[in-house]
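Visitor: From TrEMBL, for reference:
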- 11-31: region 'Disordered' (REGION)
- 73-354: domain 'AB hydrolase-1' (DOMAIN)
- Ser150: active site (ACT_SITE)
- Asp175: active site (ACT_SITE)
- 252-272: region 'Disordered' (REGION)
- His344: active site (ACT_SITE)
Amino acid sequence: MSSHLHLNLLASRPPVPGGLQSGSKMRMGPGRKRDFSPLSWSQYFETMEDTLYSLTTLHTFRIYSSGQHGPVLLLLHGGGHSALSWAVFTEVIYNRINCRVVAMDLRAHGDTKVKNSDDLSAETMAKDIGKVVEALYGENPPPIMMIGHSMGGAIAVHTAAANHVPSLLGLCVIDVVEGTAMDALNSMQNFLRSRPKTFKSVENAIEWSVKSGQIRNVESARVSMGGQVKKCEEPLNSPGVSKSIGEVIIEEEEEEEEEGESNHKRKKEDDQEVKKESLYTWQIDLSKTEKYWEGWFSGLSALFLSCPVPKLLLLAGVDRLDKDLTIGQMQGKFQMQVLPQCGHAVHEDAPEKVTFHCMVYYTGCNIRHT
């Protein structure tokens, strides 16, 4: 079980039966072709801004937001992802409840720029959250409900436990528990090495994310993957650059085509075009963050249970509960919902379902607060 759970940090569970496994033939079927073109953040959020929280160190955090009134839903993404992973979820929930939605790129992720970007300790990242909240709202912030996925869920717990957000209304953690996360650390580097190192375009990155099962919702992948990859200037044929996923997809599709010569000509033209463009690689090299992994997850269950605010745990499978959380759940210390048809990126795979559970939870938190 633990071998299927990665950090994403935590990455996705295997695709559902019948789905395409990573490395298998990627068949679309005759006459069927899905659209993997990128979607803009502006289709899901009202504003995008860079928030400066320190005039001396020049830390700027990329913020995407919607709404001007009501309590704040502060959204924290998983490792390697960005605030854009919350795009579809934001559009759904913002249209259903009176709230403000704020999704931020954590340090070393997305378009956030900090001086010491190599410091991804839980303590530093939790302090970031508090400082960004202060920069946004001053000394009297509105009621805030933190929702964090995977690594972001762990950081949300550390932030809440350290009381960096004094106006905290509630805490929602999505698909991360201490026991399973700690068990997965030994296989994490192997998982990261198994991913493509480069893509020939953002479209290819989106296609890979969907066909490998990392994100099962095509719409979410189309807006989310742009925050996970960046251009790299290294030429395609330079030493050390592996074959891009785009080339692999092209080759696999051509094996099944019957129009041999015309397809060969088209591939040759495509290859020539690719060499004129920059390749894309991962925005952050997660393999270099290994020294912080244990600090994110060790003791997480006890910290989560100790947080004095109402708590909700959303999981992709009940098998992810560890002993402390099982006991805590039986004692009614937090609410829990299991969404078994989702991969690890629960909020991307099933934004409607996550919105429903968050709305029920949010309503309860508001009643308690008022």
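Cβ atoms here come from the backbone N, Cα and C positions, even for glycine.
Please situate the listed features within the shown structure.
Guide: Taking the Cβ of His344 (active site) as centre and 10 Å as the limit, one finds 29 other Cβ atoms among all the protein chains shown.
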Visitor: List the Cα distance (Å, whole number) between Asp175 (active site) and Ser150 (active site).
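Guide: Rounded to the nearest whole number, the Cα-Cα distance is 6 Å.
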Visitor: What is the interatomic distance between the Cα atoms of Ser150 (active site) and His344 (active site), given in whole Å?
Guide: 8
